[in-house]
Structures are given as structure tokens and as C-alpha cells.
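Novice: Pasting a structure here, questions to come.
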Amino acid sequence: MATRPTDMVNTMQDAAVTCGPIPGSHKRYLGGVRFPELRIPLREIRQSDSRKRDGSLEVNPAIPVYDCSGPYTDPDVVIDIHAGLPAMRWQWSPTDTAIESRPEPGSAYGRARLADVRTADLRFHHRREIRRAANGGNVSQMHYARRGIITPEMEFVAIRENQGLEHLRASHPALFRAHRGESFGAQIPDTITPEFVRDEIARGRAIIPANINHPELEPMIIGRNFLVKINANIGNSAVTSSIAEEVEKMVWSIRWGADTVMDLSTGRHIHETREWIIRNSPVPIGTVPIYQALEKVDGKAEDLTWDLFRDTLIEQAEQGVDYFTIHAGVLLRYIPLTANRLTGIVSRGGSIMAKWCLAHHQESFLYTHFEEICEIMKAYDVSFSLGDGLRPGSLADANDEAQFAELHTLGELTRIAWKHDVQVMIEGPGHVPMQLIKANMEEELQHCFEAPFYTLGPLTTDIAPGYDHITSAIGAAQIGWYGTAMLCYVTPKEHLGLPDKNDVREGAITYKIAAHAADLAKGHPGAQVRDNALSKARFEFRWEDQFHLGLDPEKAREYHDETLPQEGAKAAHFCSMCGPHFCSMKISQDLQEYAQSKGEDIETARLEGLQEKAEDFKRLGKNIYLR
């Protein structure tokens, strides 16, 4: 049954979101240098001390890690989703005074929703002023970067990318032990500086999605010379979910590591749902504006118009959406190229625009009005996520002519956007077998001029409905290694239904694994610190530290306690897998202690131990079996 507005009101009145620190961690903030007012968040994972053989203690340092959970994991912050998060960015030193404020929405639809008494109880009531560039100006991060200006957002992300690891390099060099990576041409410095960030944005190799109407945002950067990021999709549909559920899904997503969130709502009250999400989101929010535009014409793609779509862009930009997926590369002449595909056009946005092109037998208004779209984007600093409307929906269709024809057009559109100093990233597939994945990255780098690549997986096999978070994470780790800057998560419900909270968590953790594996393979400085800390804790049977250093401390503890729930088991030198007598790490520890007691290296001690056992065999009568 459809949810009535009164039901939605009650839901929001009683709404609550997940708050509180992640187990074993505490929030820490770093300050800016150029902009001292900055407070850059990170999470520190506390560790217990190690007890040496002589009884003395070795202090293990807290491990700082990148954190995108916002104030929701800070116990010192009082969360009120009805008030929203603080407008932090509006308190920073202004980069440009050429910004005007508007008391009322500039979009016709925004004004209509504001005047509609039927939606009054659904609205987010603490309205922010609406800002935009004055006199046709440009407030994009790329515009400032190309003028040689370092913005507060640029310093923020530079400090954030370094993860506060600098102090550990001198004090605990063993934590930085790592294998040499293969970056496939990426140029990752040992330390990220604000100037490096500025240069990468000016070149178009990275973006900071940060709409000036999203002051609650904690800025982040997307680019192949930075940490690989992940995106989580949320959103209601015509049959499921409420505003409160979507706000909680956003908070839940970022708790488990989502760097950005896309609101793909297609149900009722899209405008109001999005406002609640943005006002409470510390991460960039992306949308696919054509979805809402389609709802405005009752789902009839052929009735879409440029004027309607333009108004939708302004409506969403004024709310604070940080990036738009726009399928402007679906051209009329490319549609016949999909005729022989096994699965045709699987992108929802791509199929909408293909239907419009065929109905009118002309190029899409997204393509013909692209420069006008750029004018809107630069006035609010909304980034493009140029959509892959012709992405393959099955292995059989991977890397075909339609897919790459659209990709080349996205490269053409990238250059047009850059002419207007508008930030761009490129969306990618999809369903691709492992041996064809690298070609996707190479094509994108060549034809889209190193603009950041943002891929959905890709899924590496089509035989596992219910497990597509795994089939896609295989491809995601691989393409992330090759240079993809952001990975769009896939949940176990992919192809089957809308994800719930558990699916969101599963998808986010799975993709954090893929992104981190890619960072390790690329040789990202400091990427292996957390791995090394956890491995040391594992070898020393520091169970609590193992739980806390993992991506999902709660699940790690739950699995351990299924078989060894006693509190004393947290100090045991074995787990239920091998038991007390067959633990390889316990045997290795014993060997190390034996060597230390003899004052020898491990190999010498091993040989001596073998010789001692041989002498015992002879002394006891050389019998194979003792009676």
C-alpha cells in the first residue's frame, strides 16, 4: 500500500539514525595550515600493548584511518536530523565574493513544492539560503584551480588523503613495510599537498564534488592519484521505503565506508526526500536528474522536454546535489548498434534517452543543449558524472561497438565541459570478463583524457544472482588497480530487488575491500599500515585489536564468539579453527621464543631443534613406536 503523507510525517517525527563510535575507535580532527578553521576528520583505532617474552610491554600506536562517517560517530556531537548538520563550509574563508543569495527557489518546480500545502508536513523546515554564482560567473573548484587558487576544499582533501600517518613514519617504520606496487602510469606522491590537489583538478584528472549549496559537506577528492573511493546507492521506489528509511540508509552507508552516496529515488516525494538526505549528509550526494524529470511526465519518456529537464537541474542544484549523472552520450546513431546485443540497453537512464531519441528521431536534448547544462553546473559547482547509458548488461555484450562509441562521445563532452571549467568524471561498466577489463581502463584514459573513471563493478560473471556483490568486487578490485578512481558498490540484491540496511552494509564492506586491495596493488603510500598492524595483532593473539582493526569489527567479533564466547577466549593463543595444539602462529611463536632463549637466529634454532629430536630418537632405542 502506498504511504500516505500523514504516515510519512509520523515516520520523520519518530525518526532516528545510527550514531556512536565504531568499536575500538575514536574521532580525531586535524587543523588546516592555510585555513586554520578547517577541522579534517579521521578515525583512530586504539591498540593494546604487546607483552614481550621478558614480561615487558611494547606500546602499539593508535592507527589513523580515513573516515567518512561524519559527526554521526563523534560522541561529542548532538545529532538532530530535523535541524541537519552544521553549515560548516559557509564558515570558511570565502574564495570568491561573487556569489549571490536567493530567498526563493529559482526553479519553477521548487517554488511549486514550497507553495504546496499538501507537502508542508513533509518538508525539511530549517531552510538554507540558496546560493549561486553572480552575474553568470563560475564557482567551480576547477575554475579556481586553473586560476592558481588553492581553496579551503583543496587543503581539506590534501590533509585528509594523508590520513594523519606522517607521525608514524618516524616512530614506527616497521608499519610501513610494503611491497612495491604497479600503478600503470598513475603518479602518486608520498605526501599529498594542496598544490598537488590544485594541479590535478586543473588538469581534469581529479574532482572535488562540492556544490556551494551543500555547506554540510566534508570535502573529498576523486582521482586515480588518490585513494580509491566507493559510492553507495540508496533511494525509494514506488513500492518501498520512506524518507526516514532513506536518511538512515545514507547514515548507515557512510558508517561502513561510503565516500559518496547517490539518491536514486523514483517513488513519491523525491524532492522532499532529497532535501532531508542532503541536509544531513557529510558526503557528496549524486543523482540522476532524468529520473525525477520522468516522474514529472508520468513516466512517458517521449514527453520529456529540455525546459522541464533544465528546471529539474536548477531545482536539484539549488538543493545542493554535488554531482549529476547525465546520459548525454546516447546518440541516435548508436541505438542500432545495440540491436544484436544479448541484453540490449540495461541502463535506466540510457533506455529513457534511447526511447526519446527514437520517438522524436533526433539527437537527445542532453547532447544538443550540453553547453547550456555546463552553464548551470558552473554556477553551483555541480560536477558531471557522464553516464554510460550503453554499458554492457552481460558478459556477451562487453566491449562492443555501442559501448565504446558512447565512451568516445563522453570524451568529446568532457572537453566541452572543461572549456567551461566544469568538473567531470566518466561512468563505466557494467558486466566485463576479467580478460577484457584492462581495455576498458585504457580506452577511458585515452579517449576521455584521464578524467576520473567511476565504474559499477564490473561484474566478472553472470551466474551468481544473490552474490553479485562478490562477482562485481572481483572486477572492481582489478579495475581499481588499473586506475579507476571510484567504485560504485553492488549489493547482494543486485538484479533482484531494492537493498535493505543489511544489504547496504554488505555492499559497502565488500567494496571497501576491493578499493583497499587496489590501493595496495598500486603501491599507495601508507596503504599497508593497517594490514601490518592487524597482522601483528593476529600473530600476538590480540583478539580485541584484530576485531577493531578490521573493516567490520562487529561481524569479526560475532564470528569469533559463535564458538568461543567466553571472555577468556579473547586472551587465548588459539581460535576454534585449529584449537590450542595446531595453531601455526602459536607454533611460530614457540619457535621464536626458543631461538631467543638460545641467543640464535630462527633457522639455526630450527636446525638445532631437529638435531635434538634426532638424538632423542637414537637414545630411546631407534624404535618408530614407543611402547
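Here the Cβ of each residue, glycine as well, is placed from N, Cα and C on the backbone.
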Novice: Need a hand: Swiss-Prot gives M262, Y291, H327, S347, R348, G349, D388, G389, L390, R391, E427, Y454 for substrate, which of N233, N236, N280, N440 is also on that list?
Specialist: N233
Novice: Identify, among the binding-site residues G349, G389, the residue whose Cβ has the fewest other Cβ atoms within 10 Å in this structure.
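Specialist: Fewest other Cβ atoms within 10 Å, among the binding-site residues G349, G389, is found for G349.
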Novice: Give me the CA-CA distance between G389 (substrate binding site) and H431 (Zn(2+) binding site), in Å, as a whole number.
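Specialist: Cα of G389 (substrate binding site) to Cα of H431 (Zn(2+) binding site) measures 13 Å after rounding.
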Novice: Relative to the Cβ of H431 (Zn(2+) binding site), which residues of the same chain, six or more apart in sequence, are found under 8 Å away?
Specialist: P392, G393, S394, L395, D397, A398, G457, P458, L459, D462
Novice: State, in Å as a whole number, the widest CA to CA span among the substrate-binding residues N233, M262, Y291, H327, S347, R348, G349, D388, G389, L390, R391, E427, Y454 given in the record.
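Specialist: That value is 20 Å for the farthest Cα pair.
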Novice: In Å, rounded, how far does the Cα of Y291 (substrate binding site) sit from the Cα of H495 (Zn(2+) binding site)?
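Specialist: Per the Cα atoms, Y291 (substrate binding site) and H495 (Zn(2+) binding site) stand 18 Å apart.
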Novice: How big is the Cα-to-Cα gap, in Å, between S347 (substrate binding site) and H495 (Zn(2+) binding site)?
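Specialist: That comes out at 12 Å between the alpha carbons.
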Novice: Which of the three DSSP-derived classes (helix, strand, coil) applies to H431 (Zn(2+) binding site)?
Specialist: strand
